[in-house]
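What follows is a short report on a single structure.
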Amino acid sequence: MARCSNSMALLFSFGLLWLCSGVLGTDTEERLVEHLLDPSRYNKLIRPATNGSELVTVQLMVSLAQLISVHEREQIMTTNVWLTQEWEDYRLTWKPEDFDNMKKVRLPSKHIWLPDVVLYNNADGMYEVSFYSNAVVSYDGSIFWLPPAIYKSACKIEVKHFPFDQQNCTMKFRSWTYDRTEIDLVLKSDVASLDDFTPSGEWDIIALPGRRNENPDDSTYVDITYDFIIRRKPLFYTINLIIPCVLITSLAILVFYLPSDCGEKMTLCISVLLALTVFLLLISKIVPPTSLDVPLVGKYLMFTMVLVTFSIVTSVCVLNVHHRSPTTHTMAPWVKVVFLEKLPTLLFLQQPRHRCARQRLRLRRRQREREGAGTLFFREGPAADPCTCFVNPASMQGLAGAFQAEPAAAGLGRSMGPCSCGLREAVDGVRFIADHMRSEDDDQSVREDWKYVAMVIDRLFLWIFVFVCVFGTIGMFLQPLFQNYTATTFLHSDHSAPSSK
C-alpha cells in the first residue's frame, strides 16, 4: 500500500513539473514577443537603420512551386512562387539567456517592418503577396520571411516557332518606395529554386537564372530579375493541329489523281481550302495578334492554302484542255511532241493500245491519200462513168464491143440512162458517208489526244505538288530543331535593352 502511494506521488510530481515547464515556456515566448514589439521601442513604420545613410540589405530568392499557365493571346504568365526575403533588424535582438535560451521566435509579418518588394511587371494589379505568413526572427536580428504568392506577370510571347517554341518570361522585383540609397537588393542564389516544383503538363523548365540589374544613368535604381526560360511540349498541338493539317494537305494531292470526267475536281479543291481556312481561324484565336512574327503553324497553313489555290488554277486549266475539240482549238505541233511523245515517257505513263492502233491507222490512211489512193472508189474525169466504177475495165470493153456489134443492144444501152443517174447519186451518198465517218474518226482522235494531254498535265502537276508538299513540310517543321535556344541567348537579348526606372 505504501509502494502504491509512493508511485502515485511520483507520477503526480512529474506531471506537475511538465505542466509548469510548458507554462513557463509559453510565458517566456509571450514575454519575448511583448519585449520585441513593445511600442515604446519598436515602430514598424521605420526602416531598420541606425542612421539615414545606412543601407538595409535585403536578400531575395524565388522558389517556383508551380507554373500554372502561360496565356499566349493575353501574354500573361501565371506562377505560384515563394518569395524568400532575408534582412536584419537591429531592434529585434535579444539575449537568449534572458529568455530560457530561446533563439528564434515567429512574429506576425504585419506587426514588423517589411521591405515593400513587389512584382514590377505584374499584369493584374496585384503587386503584393497573397498571404502574409509569419516571419522567423533570430536573436541576432536576422529575419527570414517566406510568403507564398500567385503572380500574373507580363510576358512577351515569341510566336515564330509556335508550337515548337521556347519563351523567356521575366519576373522583375524591386522596392516600390525605397531606392538603392536606402535598400540594397541582392541575390541569395543565382538560380531560382525548384525543390518544391510541381511539373507542368504543357511546359518544360529549361533554366531559371536570376540577375541583379543596375542602371548606369540612375544610381538609385536596382532590381532583381528572374528569367523563366521554358519550352513548350508540342504533343498536344501536334496531335490536334499539325497532323490534321498534313492529312488535309494530302487530300489536295488527290485532286491531280482524280479523273477529269468525274466532275468533282473543283469540289474537292474548294472543300480542302475551306478546311484549311477553319484551322487558320483556330490559330488566330490561340496566338497573340502581333505583326512582328507569323507562327510556324500559320506559315504552314498559308503555304498549303497557296498550294491548294494553285491546284484550283491548274484544275481549271486541265478541265479546259480536257474538253477541247477540233472545232474550238487546233493542237500545235509542239504540244504533240511535248505532251504526247516526250512527257509520258518521263512521267512513266503508258499510252493505251487502242490509241496507238488508231494512230497507226490514221497515219497509214494519210500516207495512202498522199500517194493518190483517194481514187479507190472512182476517178473524176470525162471518161469516168459512175455506173462502171466498180466493174472490171476488161469486161466493160467486151460488153461495149458486144453492144456496138448488135444494133438491138444499142437501144438497150440508151435505155439505161436513168439508171446511170441513180447510180451516180448512190455513189455520191456513199462517198459522203465515208467522208463523214472519216471526219468523225479524225475528230474523235483529236479529242482523245486533248484528253490525253490533260491527263499528262495532271500527272505532271501531281509529281510537282508531291515534291513541293513533302519538302516544304519537312523544311518548315525542321526549322525549330536547328534553333539554338540557350539561357545565354535569351539573357543576351535582354541585356541589350538596359533597365530603367
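Just so you know, the numbers here start at 1 and follow the chain as drawn.
Here the Cβ of each residue, glycine as well, is placed from N, Cα and C on the backbone.
Within the set Cys169, Cys245, Swiss-Prot assigns Cys169 as the partner of Cys155, by disulphide bond. For the residues Asn168, Asn484, the entry in Swiss-Prot flags N-linked glycosylation site at a single position: Asn168. Checked against Swiss-Prot, the domain name for Met126 matches that for Val297, so both face the same side of the membrane. A straight line from the CA of Phe144 (site 'Key residue for a rapid dissociation (K(off)) from the conotoxin BuIA') to the CA of Val136 (site 'Key residue for a rapid dissociation (K(off)) from the conotoxin BuIA') spans 5 Å. Away from its own ends, the topological domain 'Cytoplasmic' (260-267) comes close to residues 312, 315-316, 318-319, 322, 451, 454-455, 458 of its chain (Cβ-Cβ under 8 Å, at least six residues beyond either end). Sorting each residue of the topological domain 'Cytoplasmic' (260-267) by its DSSP state yields 6 helix, 0 strand, 2 coil.
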